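The structure appears below as structure tokens.
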């Protein structure tokens, strides 16, 4: 489903290199210190940044040099990037057609996704008229209408209060299960990571320092947990 082989990218003085294999339907939490390369990893997969060397395979096809629009991925950021002058329906519709000229099938897809994220009553409203949680639901819906098999999340819920963050995690679990999505989520919240993903990557200085069970890392039973500021039981 997703394979990175010696994928290399230079950021200022830091040379980042990623080797990674992910099966279809896996959920991966991406952890690590600020500036370690977590967002860069997602941007390389999405095509927003270009690797100097190495290869990137998505869904069995080589996407090392393809444009973001050609890649089978959708990406959601911490900032929802909704257009303030467009209604929620129009914002979500942009995921289907940049000119908002939707055919009947696309309109049906939009309605199905909107129902799944419980935003039926919000469609005619502007983003400013919604709560923070509703805006993130709308941003997630815009990703989902594209119906891509790989979902990339870059700290999407960090600005939400605990109740809203929990609400979004419940929704995310449901969506990933129903659609069998492959998920990679950057997070600084260890509880969120353990809840949403069985497998975790710990990124340090542009390299994968740990690739294993999330619960093992969060429990502090491996020495790599010290990088996250945790006391470890490892000798």
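Each Cβ is built from the backbone N, Cα and C atoms, and glycine gets one as well.
Features of the protein shown, as given by Swiss-Prot:
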DOMAIN    2-230  domain 'ABC transporter'
BINDING   32, 33, 34, 35, 36, 37, 38, 39  ATP binding site
Query raised in the report: With a radius of 8 angstroms around the mean position of the C-beta atoms of 32, 33, 34, 35, 36, 37, 38, 39, what other residues of the same chain does the ATP site pick up?
Result: 40, 203
Report task. Counting Cβ neighbours within 10 Å across all chains shown, tell me which of the binding-site residues 34, 39 comes out on top. Result -> 39
**Report entry** Same-chain residues at least 6 apart in sequence whose Cβ lies under 8 Å from residue 35 (ATP binding site)
**Finding:** none
Query raised in the report: Counting across all protein chains shown, how many other Cβ atoms sit within 10 Å of the Cβ of residue 38 (ATP binding site)?
Result: 24
Query raised in the report: Just checking, which of 32, 33, 37 (binding-site residues) has the fewest C-beta atoms within 10 Å of its C-beta?
Result: 33
**Report entry** Structural state of residue 38 (ATP binding site), classified by DSSP into three states
**Finding:** helix
Report summary line: residue 36 (ATP binding site), Cβ-centred 10 Å count of other Cβ atoms over all protein chains shown, is 21
